[in-house]
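Database features, via TrEMBL:
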- 6-30: transmembrane segment (TRANSMEM)
- 7-393: domain 'Ammonium transporter AmtB-like' (DOMAIN)
- 42-64: transmembrane segment (TRANSMEM)
- 92-109: transmembrane segment (TRANSMEM)
- 116-140: transmembrane segment (TRANSMEM)
- 152-173: transmembrane segment (TRANSMEM)
- 194-214: transmembrane segment (TRANSMEM)
- 226-247: transmembrane segment (TRANSMEM)
- 254-272: transmembrane segment (TRANSMEM)
- 278-298: transmembrane segment (TRANSMEM)
- 310-327: transmembrane segment (TRANSMEM)
- 342-366: transmembrane segment (TRANSMEM)
Amino acid sequence: MGLDETWVLSCGFFSILGLLGYSMIAAGAVRYKSVQSAIITILLGAILTIIAFFITGYAFAFGLDSNKFIGKSLFAAASFESTPNKNDYDNFVFQTIAAIFVTSIFAFGTLERSRFFSFSFGVVFLQGLLYPIVVHWTFGKGWLSLFGFQDFGGSSVIHVFGGVTALVASLLLHERRDQNGKIHPGIFPHHAPFFIGIGTIILVVVQIIFLSGFNRGSENYIKGLVPVNTFLAASFGGLSSYVSYYLKKEKTSLITIARGALAGVVAVSASANDIQLWAAAFIGTLAGISYLVIQLIVKRSHVDDPGQAVGAHLVPGVLGTLLYGILSRSHGLFYGYGLKQFGIQIVGVLSIAGWALLILVVLVPLKGIGIFKIKPEQESLGIDQSYAGGEAYVFNDQTVETKSLLNSQKKSIFH
């Protein structure tokens, strides 16, 4: 195995720790009575992603017998190659981890409200068909790649795509309800901000490692530039969100500084290999501020987004992808290359976001027949009591809120 293959696999192995980060964020973002189900959602999504990507996803993304739209071979790892110029095995590991990240972002939009069966159905469609086609367009020599669209580390392919699916799920599931069955926007604060903070720190570190794994065959200068740019974007993203929050509230916030750093990493992912250091700092700063602005808008809207998929993934991903057309050393407006690349980036973002909307093909019918969202009484009681056999936390003075709710539950996978 060559040095590049070893490096890619090593980055992939470390990047799987992102699953821990997403799990901690999900657990901290929900009510204490939904912690187990939140972690189950992330883990179940990862398991189904690996299986779906193995059977059909990788083939649609990187199949040899392909066209500009979709791949047509390598189903279930048939005819995988391992040569000095091409290694499907290590590429499968790395790309599957990216797919797991997409699924985890999608899961953020379903927390505390969706049924495991319906979520599973959505994940299989997402990773068996929908997401792999976007990967083929951009990383598999598809039409967007040939058109000139640039997204080095997945600002759009991973974060915009995942963020759109999460937003769609959130809108279809509507807001969460309190124990009286009433909807109150913003009534559910994050039950464990330190979980979100630590989980986000893990994600930032993982994202730095993950982006470094895209450097196979790159010059040494590029191999060093990517992590440095990512460090700077994360730092300035965290600082700008921290300072902005303090100036507005005269308080500090663990979630804000951590998520601002993540927003910076997400935004710089599109261009980390082709921008100067000051540009990475600039992108991170804008991403950190945009995170705060978007969270304020989301809080005042009817979008219940406990995992902050919109503010920390979708919007920073769009921002970073578009800024490539301005700040890229080889294509950007700032370096005298005009607005052509910026226009190409707009087409790419719109195409990826529009394709992600096709998750509606599965979610709308599930909602229509009444099996996407859990029952109101189960939601009020807490999804852990309804589906996970009990809550993660047991307090000495805890009482069962409504015994009749438990007694009335049906054991079908649809309930």
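The first residue you see is number 1, and the count goes up from there.
Every residue, even glycine, has its Cβ placed from backbone N, Cα and C.
Within the chain, the transmembrane segment (42-64) has long-range Cβ neighbours (under 8 A, six or more residues past its boundaries) at 19, 22-23, 26, 70-77, 79, 88, 91-92, 95-96, 99-100, 102-104, 106-107, 116, 119-120, 123-124, 126-129, 131-133, 135-136, 139-140.
Counting Cβ pairs under 8 Å that are 6 or more residues apart, the transmembrane segment (116-140) and the transmembrane segment (342-366) reach 3 or more and are in contact. The average per-residue pLDDT of the prediction over the domain 'Ammonium transporter AmtB-like' (7-393) is 91, rounded to a whole number.
Counting Cβ pairs closer than 8 Å to the transmembrane segment (194-214), the top stretch among 92-109, 226-247, 278-298 is 226-247. Remote same-chain residues near the transmembrane segment (6-30) are listed as 37-39, 41-43, 46, 90-91, 93-94, 97, 100-101, 104-105, 107-108, 111-112, 188, 190-203, 205-207, 209-210, 212-213, 215-216, 306-308, 392 (criterion: CB distance under 8 Å, separation of at least six residues from the stretch ends). Sequence-distant contacts of the transmembrane segment (310-327) (same chain, six or more residues past either end, CB-CB distance under 8 Å): 105, 150-151, 155-156, 158-160, 162-164, 166-167, 200, 259, 262-264, 266-271, 274-276, 279, 282-283, 286-287, 290-292, 294-295, 298, 303, 333-334, 339, 341-346, 348-349, 353. Below 8 A, the CB atoms of the transmembrane segment (278-298) and the transmembrane segment (342-366) form no more than two pairs separated by six or more positions in the chain, fewer than 3 in all. Between the transmembrane segment (342-366) and the stretches 152-173, 226-247, 254-272, the greatest number of Cβ pairs separated by less than 8 Å involves 152-173. For the transmembrane segment (254-272), same-chain residues at least 6 beyond its ends with a Cβ under 8 Å from one of its own Cβ atoms are 150-156, 158-159, 190, 193-194, 196-197, 200-201, 203-204, 207-208, 211, 225-226, 229-230, 232-242, 245, 279-280, 283-288, 290-292, 308, 311-313, 315-317, 319-321, 323-324, 327-328. Residues of the same chain lying 6 or more positions beyond the ends of the transmembrane segment (226-247) and with a Cβ under 8 Å from any Cβ of it are 152-153, 204, 207-208, 211-212, 214-215, 253, 256-265, 267-269, 271-273, 275, 277, 279-289, 291-292.
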